[in-house]
Amino acid sequence: MGGLKPHPVTFILSLLVVLYSVLVSQSLGLAFGAILMEVKQATTLASVTTLVFLIAGGYYVQQIPPFIVWFKYLSYSYYCYKLLLGVQYDEDDVYECSKGVLCKVVDFPPIKSMGLHHMWIDVSIMALMLVGYRLVAYIALHRVR
């Protein structure tokens, strides 16, 4: 219904990217819970952090204010969104931007702001986040006696 690629490989890769994002966000939640050791505080901090990550990630807001534009690089949702775009579109894909006129997907402003290149770097950064957050949780729990 959304006009996405109907290929099984694209579907499987999209599922893997979403699962990867869930694992990274779960790791962040584990780290918050282990550091704070109080449910209300951890839930509040996780909710606020996730909201800021979603806003700064570029999916909901493309024109991020300059003073927080750097924050998107800390956001797991930024890398997840970028990977999902990379799974769905190629650099040479086109779409009908007006009647009878084809435009390149990479020139579409939201996609142009994210880019469709260096996907393995994004996968690696998310892997560092996954391991880093879990390591923080482990160290925080190890300090509790």
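Just so you know, glycine gets a Cβ as well, placed from its N, Cα and C.
The feature domain 'ABC-2 type transporter transmembrane' is assigned by TrEMBL to 3-89.
Annotation source TrEMBL lists transmembrane segment at 12-35 (among others).
A Cβ distance under 8 Å defines the sequence-distant neighbours of the transmembrane segment (42-61), meaning residues of its chain 6+ beyond its ends; these are 25, 28-29, 32-33, 35-36, 68-69, 71-72, 74-78, 80-82, 110, 113-114. According to TrEMBL, the transmembrane segment annotation covers 42-61 (among others).
Positions annotated as transmembrane segment by TrEMBL: 119-141 (among others). Residues 20-21, 23-24, 27-28, 30-31, 33-35, 76, 79-80, 82-83, 86 of the same chain lie 6+ residues outside the transmembrane segment (119-141) yet bring a C-beta within less than 8 angstroms of a C-beta in it.
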Inset, instruction - Count the residues of the domain 'ABC-2 type transporter transmembrane' (3-89) that DSSP assigns to helix (H, G, I), to strand (E, B) and to coil, and report the three numbers in that order. - result: 69 helix, 0 strand, 18 coil
